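Q: Below you'll find the structure I mean.
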Amino acid sequence: MEQVNELKEKGNKALSAGNIDDALQCYSEAIKLDPQNHVLYSNRSAAYAKKGDYQKAYEDGCKTVDLKPDWGKGYSRKAAALEFLNRFEEAKRTYEEGLKHEANNLQLKEGLQNMEARLAERKFMNPFNLPNLYQKLENDPRTRTLLSDPTYRELIEQLRNKPSDLGTKIQDPRIMTTLSVLLGVDLGSMDEEEEAATPPPPPPSKKEAKPEPMEEDLPENKKQALKEKEMGNEAYKKKDFDMALKHYDRAKELDPTNMTYITNQAAVHFEKGDYNKCRELCEKAIEVGRENREDYRQIAKAYARIGNSYFKEERYKDAIHFYNKSLAEHRTPDVLKKCQQAEKILKEQERLAYINPDLALEEKNKGNECFQKGDYPQAMKHYTEAIKRNPKDAKLYSNRAACYTKLLEFQLALKDCEECIQLEPTFIKGYTRKAAALEAMKDYTKAMDVYQKALELDSSCKEAADGYQRCMMAQYNRHDSPEDVKRRAMADPEVQQIMSDPAMRLILEQMQKDPQALSEHLKNPVIAQKIQKLMDVGLIAIR
């Protein structure tokens, strides 16, 4: 049994430090030695959830409940995994089942409230944004025939992209039928169902269930401690921090087993800007919480406050460490967002610290040597390193674009040329290399435009003048097959995006069947721009 406890503690430390695989290994070894220990399955469930393996987290949560049906945390683990698996109804039932055994468990109560809110949100989600929308409509006889009507498809796409228009379209019987199919309910009988559900009003029952009389069961010292805490909270709201500290200190003396009073003191010191004291108290609170088996959400809050204190001091690495500890105990959107923010700032700081123009020049020279030898992949690596060392040097992007062109990676070459031009709009090479990439892609119209811009900057640029002439001749002598035109057009990311847009495909179908519809669509500047793009690349022609 001693070995089991050692493995469990080792697993707990690994999980707190973010070493999830080590934690899983420790818990699994402990389970082999003591397969009836419900706490081990609970801890491993938390580790699997942290890793993102929610199915295994759910299985361990179920095992925890099987071994210890009267233990609230087992239900919390199981329900949390179900939440991550988007099985909200089952998660709600699990929280409710847990509350039958531990009616005053704060963690289960909060979980149930969260699930009820999530399920309520689902009623207001956009049903027209389902990934299998058209498949669902095709499979139902009520909507199958409607799909042959282009105006119906256009209406569906409108609601898919702008669900706020639903209120103005709800009177359309086709939309009512569609909603019935998508939501899987008969909307005609909804009013009756709602009326039937109204008689037992939820608010009064919630008030009756609120455990206010529970304070009568508390020992006198804990009652007094709660009163002191309330007085401390009032003082805190008024920013009378010294008075708040006195009340929290008194509450802590009356009930030394409750970590909340210590974290409240930490909050006061945080507001006063004494971050060292704040962290010291949070560590103490966590220690008290662990000793008294406090709800892990409270432990998570203490870790998050330590993270916030480091964030305030711009010590982002330390902040991330404690945010991760908080998330290991309990994941909340606020802490996750703060952690991601700290990671983003730290990454940017590291990027800026990496900048060194002297080392960039060394890498550039190495790249030039490799380029002259024809070793383009190696040259590209040196130019990439040079860009990391000096990301504001336009010439580095131009050099790497030349490598990409040699390696036939024309889209990447174009991207680097755009960056080069943005950094130094008067640098001729940026334009000539961009035009060369477009010319290689046989997009002669665009290539001529770019060569023309280069000539506007320097009318004596022979490279631009020769390139312009080549493109003119190639365009004149061009006899592409429709397949070549389509293949070349579909290599353009902008064309790919237009052609994958269901609304645009519907418009193009309408144009084929009814050419008069074009004039109506061209009134929309966004659609007109997309149609012009398709005309430029030769995919469509208007006679």
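Cβ from N, Cα, C; glycine included.
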Q: So which range, 150-167, 222-239, 474-491, 510-527, gets flagged motif 'Bipartite nuclear localization signal' in Swiss-Prot?
A: 222-239
Q: Report, as numbers and ranges, every residue of the chain located at least six residues beyond the repeat 'TPR 3' (73-105) whose Cβ falls under 8 Å of a Cβ in that stretch; write 'none' if there are none.
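A: Residues 38, 42, 45-46, 48-49, 54-55, 57-58, 60-62, 64-65, 67, 111-112, 114-116, 118-119, 122, 211, 214, 296 contact the repeat 'TPR 3' (73-105) from elsewhere in the chain.
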Q: Pop the mean pLDDT for the repeat 'TPR 3' (73-105) in here, whole number is fine.
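A: PLDDT averaged over the stretch: 89.
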Q: Quick check on the repeat 'TPR 3' (73-105): DSSP residue counts for helix, strand, coil, in that order please.
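A: For that range the per-state counts are 26 helix, 0 strand, 7 coil.
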Q: So if I draw a 10 Å sphere around the Cβ of Tyr354 (phosphotyrosine), how many other Cβ atoms end up inside it?
A: 12
